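Worksheet: the structure to be examined is printed underneath.
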Amino acid sequence: MRLESVAKFHSPKSPMMSDSPRTTASDSLSGTDVMAAMGMAQSQAGFGMAAFCGKHELSQNDKQKAINYLMQFAHKVSGKYRGVAKLEGNTKAKVLQVLATFAYADYCRSAATPGARCRDCHGTGRAVDIAKTEQWGRVVEKECGRCKGVGYSRMPASAAYRAVTMLIPNLTQPTWSRTVKPLYDALVVQCHKEESIADNILNAVAR
């Protein structure tokens, strides 16, 4: 079972899973099976499960849990980023909270996010390769150049920068780009990594 199945299980319109017992290994998982698998996955990959469940609006509590996990990770690695490492206690904590909140929001974006769908590919992540289409006489697609194949635009890092400058008024754009934004980017990447870990664990425990 994959994480996407968890989202479908929580959808009232999804017929894929039910509480009826399985008759063969290939039958749909029962509600009890799913909840047991989720519990095991949460015990081993709490960050990834919270990140995914919050992303898919399955739980508001999971959203906050994911941000808290991300803040813990940010604090752990902050010493590698000069613009954050030099900050004093309370200011540093607030900056990490801002970075974690915006990074998680970026991770949560999708083609379904209002205003985020790519204007060129309309959320498909694919675009027509005009040169090859003319060469081969049939439609040939390629990765969308605007969104790099994801189907949506990322949250502008400038939004996080503006929020951080409320706490560090003298933070210039160049300094942000060199010494703080790399941490912001690392937090977004970490969310995706943790989701992947949770997905693999869930698949293993629900075989």
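Any Cβ shown, glycine's included, is placed from N, Cα and C.
For the DNA-binding region (171-192), same-chain residues at least 6 beyond its ends with a Cβ under 8 Å from one of its own Cβ atoms are 51, 66, 70, 73-74, 77-78, 80-84, 95, 99-100, 102-104, 106-107, 157, 160-161, 164-165. Summarising the annotation, Swiss-Prot assigns DNA-binding region to 171-192 and lists sequence analysis as the type of evidence.
The DSSP secondary structure for Cys147 (Zn(2+) binding site) is coil. Residues annotated as Zn(2+) binding site in Swiss-Prot, with sequence analysis given as evidence: Cys118, Cys121, Cys144, Cys147.
Residues annotated as compositional bias 'Polar residues' in Swiss-Prot: 20-29.
For 1-29, the entry in Swiss-Prot reads region 'Disordered'.
Secondary structure at Thr101 (site 'Interaction with host rpoB'), taken from DSSP and collapsed to helix, strand or coil, is helix. According to Swiss-Prot, the feature site 'Interaction with host rpoB' maps to Thr101 (among others), an assignment based on sequence analysis.
According to its DSSP assignment, Glu134 (site 'Interaction with host RNA polymerase sigma factor RPOD') is helical. Cβ contacts within 10 Å of Glu134 (site 'Interaction with host RNA polymerase sigma factor RPOD'), excluding its own Cβ and spanning all protein chains shown: 10. Feature annotation from Swiss-Prot assigns site 'Interaction with host RNA polymerase sigma factor RPOD' to Glu134.
Of all Cβ atoms in the protein chains displayed, 22 besides its own lie within 10 Å of the Cβ of Ala160 (site 'Interaction with host rpoB'). Marked as site 'Interaction with host rpoB' by Swiss-Prot on the basis of sequence analysis: Ala160 (among others).
Mapped onto three states, the DSSP output places Thr165 (site 'Interaction with host rpoB') in helix. Cβ neighbour count for Thr165 (site 'Interaction with host rpoB'): 14 (other Cβ atoms within 10 Å of its Cβ, all protein chains included). Per Swiss-Prot, the feature site 'Interaction with host rpoB' maps to Thr165 (among others).
If you look up Swiss-Prot, you'll see 118-147 marked as zinc finger, on the strength of sequence analysis.
DSSP assigns Cys118 (Zn(2+) binding site) to coil in the three-state reduction, outside any helix or strand. Nearest by CA distance to Cys121 (Zn(2+) binding site), out of the recorded sites Thr101, Glu134, Ala160, Thr165, is Glu134.
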